[in-house]
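Novice: Heads up, here are the entries from TrEMBL:
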type     : residues : note
COMPBIAS : 310-329  : compositional bias 'Basic and acidic residues'
COMPBIAS : 507-517  : compositional bias 'Basic and acidic residues'
COMPBIAS : 659-668  : compositional bias 'Basic and acidic residues'
COMPBIAS : 714-725  : compositional bias 'Polar residues'
COMPBIAS : 788-800  : compositional bias 'Polar residues'
COMPBIAS : 807-818  : compositional bias 'Basic and acidic residues'
DOMAIN   : 148-261  : domain 'Alpha/beta hydrolase fold-3'
DOMAIN   : 362-412  : domain 'Alpha/beta hydrolase fold-3'
REGION   : 302-335  : region 'Disordered'
REGION   : 498-536  : region 'Disordered'
REGION   : 611-630  : region 'Disordered'
REGION   : 659-725  : region 'Disordered'
REGION   : 788-857  : region 'Disordered'
């Protein structure tokens, strides 16, 4: 078979492109109201599916080399590469070892092998941002207060920052942020926990230049699962958490225990039987029977003075990958068996009434014994509370949707979805009691595939990117306690349609016009993707989203298959998925038996030559490169340029380039839109999450003029701010005392002025300014005072400083002069007791006493 390169891939997928073109036209009526109604989406979906099928007949190394090739970026995107210092890698290894604990270290096979790297190889990361944003930052001297740390997907074993850059640059443009993307090590050469250590080191490096309140994390597929695992490690180890996280189709259950994995796959491109590849030195690794046979042959080779077996002889000696055990005894009901927690045991499952032991490794990322580890499958965490706000995007047609929906509900309600009591350790029970629920916005997109933003040139992806930027801006605004301006490019962000999609395009145009007029385009519509966040209810915003970006309420938990599973069934291998995997495994073993025998012959040579020793107590997984390095071997990395990936990236960047050109032609006056005060009420405050590990928030003090923009602010969307129009005066005074006791009272370069008890009147050096912020909104203090005080004609001014105002609301010249003198002398702000005792403070008279005094007179 041809090598995996641009030419071979083009020849392989061209028939798919042509057949999709004809089938789309012939079946366009049946595709109506589905994402595949758009030819660009339908063609992209079949293209990825065809590519993955073609790649499965090549080795893992070929797929890795193809997807990691250098890809050029557009001139309007700025890319800088940085090296993560060694001290960050050392620190991340220490934290990860502490999180794993002694038992976890034993299960992964030691503490040194996963820290090993190739010679002359260091951890690299890329900074990606719009060049115009970079130039503006350079002019203003702003280090950047919007950073997205993005972890790319690829089933943990393929993909790269280069391959995903066309998606990252879209996130950077929409959020006007800098994207920080680590180039972490990939399985099977570097299995769990190698990649986790790299990503943790990258975040630690990011903290040396950025405040955590300026960071949002994001990841797709395996990258999304990595983000959840990272957040749990950081939460438990006291590392400052970011402002929020965005999970795009996260892969969080490597045991495939949820129902959707065994269901229909017609709307997704993930292989229904898992990932299988042509045998190579890296994958699949030999099972235990193979290893024993190969070790014996290596010893015999050395004793026979260089005589070795032929490939045909090795093929005859190779052991079968699956061994059938005795049938279950009478009365024993085993639909499935929990994944083994011991590295010395195998995975067993009941198939057709027969207990079958699977000796071959199923997932590329880790061994079968670790599939249910909480850092491998985060749904197995004892609790997912105590995390920053999450946006979880789920494709309604993807095979992993049930585990993603379950993840969202477990974050928001850790107690309800806790593991069975018998599986919880003392540490797990402690964490479950310690952490509060996590605030989650869950969006399930009708019939969309896995990681739909991959098809960035399609209309559903456009709305997904819009939701991501809106949530990211809200999380940053909430953490930094300031407004965040983002692009509002609906009028200039246009997805072109094919001539075959005329009917679909007309329908989309009609939908957009109806939405702009404020009309409902679907029964039960509650908004549009990218709208300001609605109030949180029980720590959740639950939305269903159509292909037109219309948001609807999501069905109840009881109607969701992923939320209806028994707790004991989560993380348990099921018969359906394992049967499909075994059937495909037998096909590949039969088709590529000669290639596998050649691989085994090479393994025998390496064993006879001798492998480098890792030291006592180190037992790396069979696929780990650290444990199978021949003595004196050179494992230097080499990269090439990919024309195929460059064309795919160009296709993915086309929409961004056109939007940037339209933006430059649009008027330069920014359109600013303020978020209402009801946005996102009901979620936890960022300060509450910060209390888990101290960190300082930095406010965004700079903004620049761009066309088509709107401002996203946090106005108590989470509902945890204690101050509102019903807050008693006594509580307001207590809050004031707490602020005075904790405030430093000193100005700095990034100083944010303090405000009064209602959070509206700003103070500078103790002086209350004669105006309130957002005067059109009623403040808590003004509502309280207006309801309790009825000033007479001779009543004194309500200003705490006793300042006099003229009819226009301007301060008296004498007061203004006095204020300037106080500012010049930096007079300290008076404490609360002195202020309340001052003669100029208005006294509220009791209505009964006032009436009695009037009667006595």
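Backbone N, Cα and C atoms are what each Cβ position is placed from, and that goes for glycine too.
Automatic, uncurated: that is what TrEMBL annotation is.
The model shown is predicted, which means the values in this text are computed figures rather than measured ones.
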Novice: Six or more residues beyond either end and a Cβ under 8 Å away: which residues meet both conditions relative to the region 'Disordered' (611-630)?
Specialist: 109-110, 112-114, 116, 118, 187-191, 281-287, 291, 343, 361, 364, 366-367, 603
Novice: Quick check on the region 'Disordered' (611-630): DSSP residue counts for helix, strand, coil, in that order please.
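Specialist: Taking each residue of the region 'Disordered' (611-630) in turn, the totals are 3 helix, 2 strand, 15 coil.
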Novice: What are the DSSP helix, strand and coil residue counts for the domain 'Alpha/beta hydrolase fold-3' (148-261)?
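Specialist: The counts are 51 helix, 20 strand, 43 coil.
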Novice: Which whole-number mean pLDDT does the model give the domain 'Alpha/beta hydrolase fold-3' (148-261)?
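Specialist: In the predicted model, the domain 'Alpha/beta hydrolase fold-3' (148-261) has a mean pLDDT of 96.
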